[in-house]
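Asks: So that we are looking at the same thing, I have put the structure below in structure tokens.
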Amino acid sequence: MTERVQVGGLQVAKVLFDFVNNEAIPGTGVSADTFWTGAEAVINDLAPKNKALLAKRDELQAKIDGWHQARAGQAHDAAAYKAFLEEIGYLLPEAEDFQAGTQNVDDEIARMAGPQLVVPVMNARFALNASNARWGSLYDALYGTDVISEEGGAEKGKGYNKVRGDKVIAFARAFLDEAAPLESGSHVDATSYSVKNGALVVALKNGSETGLKNAGQFLAFQGDAAKPQAVLLKHNGLHFEIQIDPSSPVGQTDAAGVKDVLMEAALTTIMDCEDSVAAVDADDKVVIYRNWLGLMKGDLAEEVSKGGSTFTRTMNPDRVYTRADGSELTLHGRSLLFVRNVGHLMTNDAILDKDGNEVPEGIQDGLFTSLIAIHDLNGNTSRKNSRTGSVYIVKPKMHGPEEAAFTNELFGRVEDVLGLPRNTLKVGIMDEERRTTVNLKACIKAAKDRVVFINTGFLDRTGDEIHTSMEAGAVVRKGAMKSEKWIGAYENNNVDVGLATGLQGKAQIGKGMWAMPDLMAAMLEQKIGHPLAGANTAWVPSPTAATLHALHYHKVDVFARQAELAKRTPASVDDILTIPLAPNTNWTAEEIKNEVDNNAQGILGYVVRWIDQGVGCSKVPDINDVGLMEDRATLRISSQLLANWLRHGVISQEQVVESLKRMAVVVDRQNASDPSYRPMAPNFDDNVAFQAALELVVEGTRQPNGYTEPVLHRRRREFKAKNGL
């Protein structure tokens, strides 16, 4: 039973009340009385509005279901369908033209282009690694991944392999020649780097000296000008550093003593309270808020054991250099942090309102993450985040402009409680629900003075695509979804609308996640598509991936690319509304079995860690043992696809159960090396995780918008109660 404290009309879990009063509030200049009184007013006023918005979602979905049911067996009439969506208020008239008015935005968001990490803030180690991923070793990223092949004696091995190391050095020199070309010759032939008369001087093998083709790319150095330890260069708005140490193991093998190239990598990171965490009660929420507090105060630390030794990981300091004129240059040492609050759907029993109801979790997150961010705003931190006095909050899973307007209202109310200037709280709008996509311009307009980010989330968006049209018929296989007409239009529409509403220079236009953290050669080949599509940020699964993805922003001048794209014909809403129905469902029995098994295995691999271990984001081996980053968004697709096929008779419930049981054995085998893992087989009936996975599919048509949170939260609480956690 949760111990509670009565605060006005609110019943607050004691663990949360104590954290807020004893840890979060001191140093903010906000009194506890002011905060709790204001919080209660916000909850009393806005919780009913939140509830009404959710009812509107259900009402629209019921109407869409009914429309399709009434036309079962008929060919889809796209024109009639569009007219129907307009009639029920799903598809709204296009908003009048406007320009975003966001002010006081940090350069990492407004004027730079580069990778973005998303990490569960519940995990302090992941949070610290991401914060520190602003700068990453190119040599390590190349040496430790499949970007450099192991052919020709270049195996990774246990010790340093010079054959592999030489390949890394050659790759890095080629990058230097591309990003910072010399006036004559090549970085490959460099024998020394020095600073003379305010310029970078590069000595070459043939005895000559040269400089940069564009001398302005050299910004500063560390150490002695004649023999610098580091040389700082800039290209396409991104910094990188040639690190020099002839006495180091790698530097000894390099003609110029270069030991590494340090890349400016994860410009921004989303500290996630949402899809990548498993937080179901007050205890869990306090873990999240406490880690966010550590990030905002700059004192988050974690004991890390590696290679037999233990050390304390902390947030990196800023990087300090000497300019050619002798003055000091300081660059931000850490990724600029967003915090992703939860959406409007879930409630959490951390607070009960005056009627004893759980309070919407999104309202709680808005209040607490903003309160905590005051430590950064007022300088009560050793590691500054925003230098422009802003707090960056990503708001996910909003359906249409009314919900965006509600977020704008919530943020205004929170600012008033905390005594913050209007529009201090900025918003990142996830374009990951169909009703937001087709009304994106109006959604941005509803928060036009706060918006700092729009981002396509292909995974959740596909889940909503399937659920919205659940009654229309059987959808295509998961692997075919990316080549459906709607998705290309969706991705282009996000860029088109973002540019048309003046986000360039004020906000990020982002793209989604590379979900295969071990396949970095493939990422390096393919993910350049995101900056080419006009995105000035895109998601990566690890600091190493951020370092490698940064290379793409040196190849593509995103802001110039956006200027080109602004001239194209905007994406068509008719294309976006094209339902991804299978032209026929005459797949072979083997194809159906493979699709069901693949989805069942992914569902179980993720759900078992969520329910049993409280892990909301992990690298889950797929059916072919390829590690895939899974979070609730991937779960939403897999469960909704199987629910759709079940609904339309492509598969039977018996097939689903049989596949889940077979795949549970596979997942148990894949997790056999984890001492804390609890096998699902053979006791399926009593295994909470297995039953949760089954429920997500069998009850998938009845889940609100296809979301997985209601089942996951209830089942995780069941598991915790059953095991005394």
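Just so it is clear, glycine is given a Cβ too, placed from its N, Cα and C backbone atoms.
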Asks: To which of PRO517, PRO531, PRO541 does Swiss-Prot also attribute binding of acetyl-CoA at the site defined by VAL118, ARG125, PHE126, SER276, ARG313?
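Replies: Given VAL118, ARG125, PHE126, SER276, ARG313 bind acetyl-CoA in Swiss-Prot, the matching entry from PRO517, PRO531, PRO541 is PRO541.
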Asks: Quick check on the recorded positions: of PHE126, SER276, ARG313, GLY457, CYS617, whose CB has the lowest count of neighbouring CB atoms inside 10 Å?
Replies: ARG313
Asks: Look up PHE126 (acetyl-CoA binding site) in the DSSP assignment and report helix, strand or coil.
Replies: helix
Asks: If you skip the near sequence neighbours and keep only those at least six away, which residues in the chain come within under 8 angstroms of PHE458 (glyoxylate binding site), Cβ to Cβ?
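Replies: Expected: LYS482, ILE487, GLU491, GLY512.
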Asks: Would you work out the biggest C-alpha to C-alpha distance among VAL118, ARG125, PHE126, SER276, ARG313, PRO541, the residues that bind acetyl-CoA according to the record, and give it in angstrom as a whole number?
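Replies: About 22 Å separates the two most distant Cα atoms.
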Asks: Can you tell me which recorded positions out of GLU432, GLY457, CYS617, ASP631 are within 10 A of SER276 (acetyl-CoA binding site) by Cα, answering none if there aren't any?
Replies: CYS617, ASP631
Asks: For ARG340 (active site, proton acceptor), find which of the recorded positions ARG313, GLU432, GLY457, LEU459, PRO541, ASP631 come within 10 Å, Cα to Cα.
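Replies: If one measures from the Cα of ARG340 (active site, proton acceptor), no recorded positions come within 10 Å, so the answer is none.
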Asks: So if I measure Cβ to Cβ from VAL118 (acetyl-CoA binding site) and keep only same-chain residues at least 6 apart in sequence, which ones fall under 8 Å?
Replies: THR269, ILE270, ASP272, SER276, ARG340, MET513, TRP539
Asks: Starting from the Cα of ASP631 (active site, proton donor), work out which of the recorded positions (GLU432, GLY457, CYS617) are within 10 Å.
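Replies: Cα within 10 Å of ASP631 (active site, proton donor): CYS617.
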Asks: Compare the C-alpha of GLY457 (glyoxylate binding site) with the C-alpha of each of the recorded positions PHE126, ARG313, CYS617, and give the closest one.
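Replies: Spatially nearest to GLY457 (glyoxylate binding site) by Cα position is CYS617.
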